[in-house]
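These features come from TrEMBL:
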- 62-193: domain 'N-terminal Ras-GEF' (DOMAIN)
- 229-498: domain 'Ras-GEF' (DOMAIN)
- 527-635: region 'Disordered' (REGION)
- 544-557: compositional bias 'Polar residues' (COMPBIAS)
- 593-607: compositional bias 'Low complexity' (COMPBIAS)
- 619-628: compositional bias 'Polar residues' (COMPBIAS)
- 643-729: domain 'Ras-associating' (DOMAIN)
Amino acid sequence: FSFPWQTTFQDGGEEVEDGAVYNVTLKKVQIQQAANKGARWLGGEGDQLPPEHTVRQYETSKIRAIKAGTLEKLVENLLTAFGDADFSYISIFLATYRAFASPRAVLELLLDRFGNLESSSHGEVANLNSLESEMVLRAEIASVLRAWLDQCSEDFREPPDYLCLLKLLDYLKNNMPNSDMESRVQNLLKQFQNQEVEAVDGFCSTSCSDLVDGEELEISNPEEFSSFQDHVVAEQLTYMDVMLFRRVVPYHCLGSIWSQRDKKENKNLAPTVRATITQFNAVTKCVISTILGTRELKIQQRAKIIEKWIHIAHECRILKNFSSLRAIISALQSNSIYRLKTTWMCVSKDILLMYEELSEIFSDHDNYLTSRELLMKEATSKFANLDSSEKENQKKSQKRLQLQKNKGVMQGTVPYLGTFLTDLIMLDTALQDYVEGGLINFEKRRREFEVIAQIKLLQSSCNSYCLIPDQKFIQWFRRQRHLTEEESYKLSREAEAAADTNILSPKSQKSMVKRISTLFLGTDVFTPPKEQPLKSSPVGGSSGESTDSASVSSCEFNHSETEDVCVTPISSPEDPLKKSSVGSDKGYDSDKGSISSDKGSGSSKGSICDPGSGLDSGSIPSRDSVPSSAPRALPVYNRQSDGSCIIRVSMDGLHASVYKSILITNQDRIPDVTQRALLKHNLEPDAVEDYELVQVISEDKELVFPRDANVFYGMNSHVNFDFILRKKA
């Protein structure tokens with residue numbers, strides 16, 4: 001008898017073939033085996049056997065994982081990966097291939113080049129001439145197609161023609177007639193066609209936020225809002241978040257796809273992500289409008305509404321809904337709300353402590369380590385893991401949690417999607433798409449899949465929720481008229497006259513401002529100047545939604561439309577955030593916030609968002625991922641390491657508040673970086689000579705680079721890596 005005793009992995013170097021490079025890992029398994037069968041009759045079991053009755057043997061197997069290759073080789077590897085012991089390859093490819101190929105290109109290679117035995121002459125296929133080998137190949141193709149339909153059926157949604165689905169159906173009729181897969185593809189085609197008809201028929205109702213005929217958007221009625229119980233509001237927000245998050249198509253989150261969303265031709269790109277962000281915005285704006293929308297409210301009444309929203313946030317925490325939890329906290333930290341010092345003075349001490357603990361979940365310390373660890377911990381638990389340093393809050397939390405447990409229904413986990421979007425955008429910025437020889441860099445896709453796998457894990461967990469929609473609340477929520485930045489700030493000033501904004505809510509003023517000002521170190525950021533409010537832009541089926549930066553401006557997403565996530569506190573010129581009140585990290589200029597250096601806007605541009613640095617934090621590899629040597633540390637924003645770093649470049653003038661992340665090395669000079677920045681901003685790259693690159697040192701200081709300067713060595717590494725591309729005079 002024998003059993004595994006110990007497994008070790010050893011780096012076996014690389015194998016190079018025509019059109020592909022493989023990482024080789026040697027898997028060495030130690031086996032302990034009885035030398036004498038009679039030993040078992042003597043009562044010896046496993047490691048209890050005496051040494052003289054055992055002999056140790058080692059079995060070594062080779063694991064080949066493709067590192068880079070042509071598209072043809074990557075598709076061929078779908079059929080051979082299992083034999084190479086690269087068991088996660090098919091899932092990684094299907095989750096990420098949209099970054100470098102279309103579904104049609106992959107399907108044509110798979111079916112026409114490798115699935116057509118008569119014309120195949122590539123790799124192993126050339127030697128397949130026996131009936132047995134033909135059956136093996138068909139089984140491999142069927143396995144890949146089955147995985148494709150299981151994991152990424154949305155790839156075949158191509159209305160109105162559905163060419164890929166029809167091609168697949170034709171292949172199955174010829175090669176696998178009357179199979180279960182043929183029936184499945186036919187049903188999927190009917191499903192897509194029926195959904196297309198329903199979408200057209202229901203367009204009018206869904207595009208108007210599901211308002212009943214004759215209803216109009218309205219400012220919240222405090223009495224009506226107060227009539228909803230806290231846990232009901234949290235459950236309904238969670239219900240809406242779950243429905244949207246479960247529909248998120250993971251590849252929509254890839255940095256190479258999401259970062260292209262602001263091009264004119266891509267206005268409908270990544271609709272599932274946009275819908276989630278629109279909901280986040282709606283929650284944030286609803287919080288602000290309920291607090292400020294009614295002028296007649298007294299200070300104590302306004303404080304009660306703030307308390308109610310803190311209780312709702314706490315209920316979201318119990319439900320493990322980190323999306324609405326973050327939206328509520330972000331709204332309460334927005335400039336128009338946190339400046340209400342007298343109102344915050346009326347909020348009870350216990351509730352302020354609860355608010356402080358909830359805010360601490362999204363602390364920016366150590367690359368948001370708290371929220372990342374908590375998210376992964378909650379993802380696999382049946383119920384929330386609540387902990388409170390305040391006895392009364394702990395008592396209430398446990399009581400509410402026990403009620404949840406008594407229902408006997410497990411909960412899922414709804415994440416703040418911005419965390420993953422930031423990591424994927426930064427991965428896309430830091431790693432090259434192609435390596436030497438023009439081969440597709442598949443190592444990059446393996447790194448991206450670590451993030452995608454977390455999204456899929458959390459989507460799966462959301463199936464555990466058992467929530468029933470409350471149409472009364474949902475209709476109320478969708479009727480709310482959202483205030484613009486200017487409106488909310490004006491109402492805030494009316495509620496409480498100009499005051500020293502150094503004095504915020506009791507107990508939380510220092511940490512709250514620090515969180516607001518230093519949370520984001522990420523990639524593409526949009527923060528509109530206060531003097532130029534944007535036009536209304538209906539998105540995601542909502543109409544009349546104002547595009548204002550106070551309610552939501554994208555931190556990691558650099559987007560000029562309303563889907564951008566996160567509250568950006570905007571100070572008016574008369575009421576700026578004071579530099580002395582902001583706790584800052586190294587190289588942080590508190591007058592600019594952590595985001596923008598848009599001069600003359602009078603804005604403090606903090607944003608409640610996730611950093612883009614430290615990409616390995618919170619990333620979990622798939623269980624069957626192939627072991628490999630430790631990857632080299634990726635370049636990050638605001639830190640030079642291994643001769644590279646990431647800088648943020650904005651365009652002076654119209655686009656002065658839109659940042660694009662640029663990877664630079666110690667070999668890059670001004671023309672190279674300028675050309676890359678112009679391309680990122682969708683401008684003509686040949687106009688390099690017309691622009692100059694400057695680094696923002698402080699509010700009144702800039703570092704102007706000579707034409708041929710080395711940016712990496714010439715930049716000031718002790719301040720934020722924020723640059724402006726300005727047209728020469």
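We number each residue from 1, going along the chain as drawn.
Placed from the backbone N, Cα and C atoms, the Cβ positions cover glycine too.
Because TrEMBL annotations are produced automatically, they should be read as predictions rather than curated entries.
If you average pLDDT over the domain 'N-terminal Ras-GEF' (62-193) in this model, you get 87. Residues of the domain 'Ras-associating' (643-729) grouped by DSSP class, helix first, strand second and coil last, total 24 helix, 36 strand, 27 coil. According to DSSP, the domain 'N-terminal Ras-GEF' (62-193) comprises 90 helix, 8 strand, 34 coil.
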